[in-house]
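K.L.:
Below you will find the structure I want to go over with you.
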Amino acid sequence: MTVEISKVFVLMMLNLFLGASSSIWSVAPAAFQLPPCQLINQTVSLEKEGCPRCHAVETTICSGHCLTKDPIIKIPFSNVYQHVCTYRDLFYKTFEFPDCPPGVDPVVTYPVALSCHCSRCVMDTSDCTFESLQPDFCMNDIPFYY
């Protein structure tokens, strides 16, 4: 009799633990309707200090949703890493500005994504801020008042 009660108790505790652990890490229902992390074509504005105009180029970037879990119950001293859609493989292309004045190096390089994946943000190579500048934004388009 005690063996059966202990089996039932263990099964109830296991069920309680598994049920609770799934509710600790909740996923928003809308997350499954967002586009996944993938390559997309994007127009990007290139600019170079000393050159008068921006130039638009077509490139591939990583964009989309990565499934991320945020714990409802916060555990002290534990790290929660949010995953972002970022480059897996990339190469750099070179562009030469046609209208730079003499003495200004007209060459600039920009990344072209070859593949993407969900990973922690590497701030050295990616902009993982919540609201960053749009890829086709150009500083030269902002009027300066002196």
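Using N, Cα and C of the backbone, Cβ positions are placed for all residues, glycine too.
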K.L.:
From the disulfide entries in Swiss-Prot, identify which of Cys51, Cys54, Cys85 pairs with Cys37.
P.N.:
Cys85
K.L.:
Among Cys54, Cys62, Cys66, which cysteine is annotated in Swiss-Prot as forming a disulphide with Cys118?
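P.N.:
If we follow Swiss-Prot, the cysteine bonded to Cys118 turns out to be Cys66.
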K.L.:
Do any of Cys51, Cys66, Cys116, Cys118, Cys121, Cys138 (disulfide-bonded residues) have a CA within 10 A of Cys85 (disulfide bond), and if so which?
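P.N.:
Hits: Cys66, Cys116, Cys118, Cys121.
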K.L.:
To the nearest whole angstrom, what is the C-alpha distance linking Cys118 (disulfide bond) and Cys51 (disulfide bond)?
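P.N.:
Rounded to a whole number, the Cα-Cα distance is 36 Å.
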K.L.:
Out of Cys37, Cys51, Cys54, Cys66, point to the one nearest Cys116 (disulfide bond) in space (Cα versus Cα); all of them are disulfide-bonded residues in the record.
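P.N.:
Going through Cys37, Cys51, Cys54, Cys66 one by one, the closest to Cys116 (disulfide bond) is Cys37.
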K.L.:
Neighbour count first, Cβ atoms within 10 Å, every protein chain included; then name which of Cys62, Cys118, Cys121, Cys138 tops the list of disulfide-bonded residues.
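P.N.:
Comparing the disulfide-bonded residues Cys62, Cys118, Cys121, Cys138, the most crowded Cβ belongs to Cys62.
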